[in-house]
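TrEMBL annotations:
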- 31-117: domain 'Pyrroline-5-carboxylate reductase catalytic N-terminal' (DOMAIN)
- 215-239: transmembrane segment (TRANSMEM)
- 259-282: transmembrane segment (TRANSMEM)
- 260-391: domain 'Ferric oxidoreductase' (DOMAIN)
- 303-322: transmembrane segment (TRANSMEM)
- 357-383: transmembrane segment (TRANSMEM)
- 395-413: transmembrane segment (TRANSMEM)
- 428-451: transmembrane segment (TRANSMEM)
Amino acid sequence: MTGQERSEEKSECVSLSPMREAVPAPPECERVCVFGTGDLGRSLGLRLLQAGYGVVFGSRRPHSSSSLIPHGSQVLGHAAAAQSGHLIFIAVQREHYDFLVPLANQLKGKVLVDLSNNLRKNQYPEANAEYLQSLVPGAEVVKGFNTLSAWSLQKGPSDANRQVYICGESVQAKQAVMAVATKLGFSALDRGFLSVARELEDFPLQLFPQWRLPLYIATGLSAAFFFYLLIRDIIYAYFTQGKDISFRIMVSLANKVCPIVSLIMLSLCYLPGVLASFLQLYRGTKYRRFPDWLDRWMLCRKQLGLLALGFAFLHVLYTLIIPIRSVEHSLKCTRMHIRENRTTEFDTTTAWSGDSYLSLGILGFSLYVLLGITSLPSVSNVLSWREFSFIQSKLGHLTLLLCTAHTYLYGWNKFLSSSTYKWCTPPGYMLCLVLPSVVLLLKLLLITPCVDRTITRIRQGWERRADQRNPKNSQPLIP
């Protein structure tokens, strides 16, 4: 480097705030470069500084950018910054990649980490990382860190997603980037060659991919039962009795729809596990894939359970509102009984069923909340697999049992009453009891000793076909 080039580099280098406020890196620390002083670039630079790296920012206007970047870092022009480190993070949009073309010689042999994303899928004919590689063919381009937001980088992996996806052509370059991700506290996953970059760039554009099926199910069930109960309760009263009780749509009807959908969604949360157990029992092995529909169903069980919990919360709120709204009606009935000097005999059976109904509902909802809390990543991460399985499986089926019993007690004396079947249709709560009853009966079969022992052996690697081929090595299912 000539003296003139050194003087130009010194003129581009801008010192940050006073040294007493700076967080200087150790002299022997590894230096990395970040092209871009936007929100993402600054957040990444701050995380790198906290991890012990020396950070040099590359900017078009280094003098005006000096007040924006974190303390303890440097800001240089792009050409000077490119020479300061072997690993360079490109935290700029694809539209601004042109400035890299004149730097092709300085970037030759360096590792460029592309952090960019697009506004929509298939916005460009090739992935941004592939386009970057075509602009700087002498560099090793790696796609990574694009699934992290500036906020998640600032808060750290404890409050954000720990997964960082990496792809690229060079194994050494990917290992260098993965080492940085690990040092920052993230979990790096190598997804393969640079041709996978388009898939990684589409990840941030996905809108609730695992929530779509549960939301469709919840919306469909809510609409179906809403119109079903609207016909049975509101329209039936208008046509047969001439009563206009449409005001019940907002609270009373909604309070019937919410528990029905909640119980069905909770049943759908545990039904795929039961079906998977029977499928393994039928096949006699665990080394065969489940059907795609069952595999997808099992992957969205958490979302089904959380939506069921949401409907249960709405049911509790509506239940608390209804007595407040009905105070005036209760007072009118009481005054009418006083004027007529009429008394109502206390029914012990009704009192027992009512208190039991409320008690089971409270217990079921309490376990419901416990299931929801333990599904949070911050809680599930501190639980062992056995603890998590006990809560989500054992206590989950107990929750389903309590909520099903709660619904049975609600209409225990109405099942055989002809007045219950308006227009020859069963009430909504009777319909919603079908699926949870089936799930509980199937689960009861699975926990019987002989069936449970067989399933346990299958999940430990035993295969029925292997024993048929080698009858001498086979063991009886029931000793």
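Any Cβ shown, glycine's included, is placed from N, Cα and C.
Note: TrEMBL annotation is automatic and uncurated.
Secondary structure counts, DSSP: the domain 'Pyrroline-5-carboxylate reductase catalytic N-terminal' (31-117) has 31 helix, 21 strand, 35 coil. Helix first, then strand, then coil: DSSP counts for the domain 'Ferric oxidoreductase' (260-391) stand at 108 helix, 0 strand, 24 coil.
Below 8 angstroms of C-beta separation, residues 259, 262-263, 266-267, 269-270, 305, 353, 356-357, 360-361, 363-364, 367-368, 370-371, 420, 427, 429-430, 432-433, 436-437, 439-440, 443 of the same chain, each at least six residues beyond the ends of the transmembrane segment (395-413), sit close to that stretch. If one looks beyond the transmembrane segment (357-383) by at least 6 residues along the same chain, the residues whose Cβ comes under 8 Å of a Cβ in the stretch are 266, 302, 305-306, 308-309, 312, 316, 391-392, 395-396, 398-399, 402-403, 405-406, 409-410. Cβ atoms under 8 Å from those of the transmembrane segment (215-239) belong to residues 208, 245-246, 248-249, 252-253, 256-257, 260-261, 264-265, 268, 303-304, 307, 311, 422-423, 425, 427-428, 431-432 of the same chain, restricted to positions at least 6 beyond its ends.
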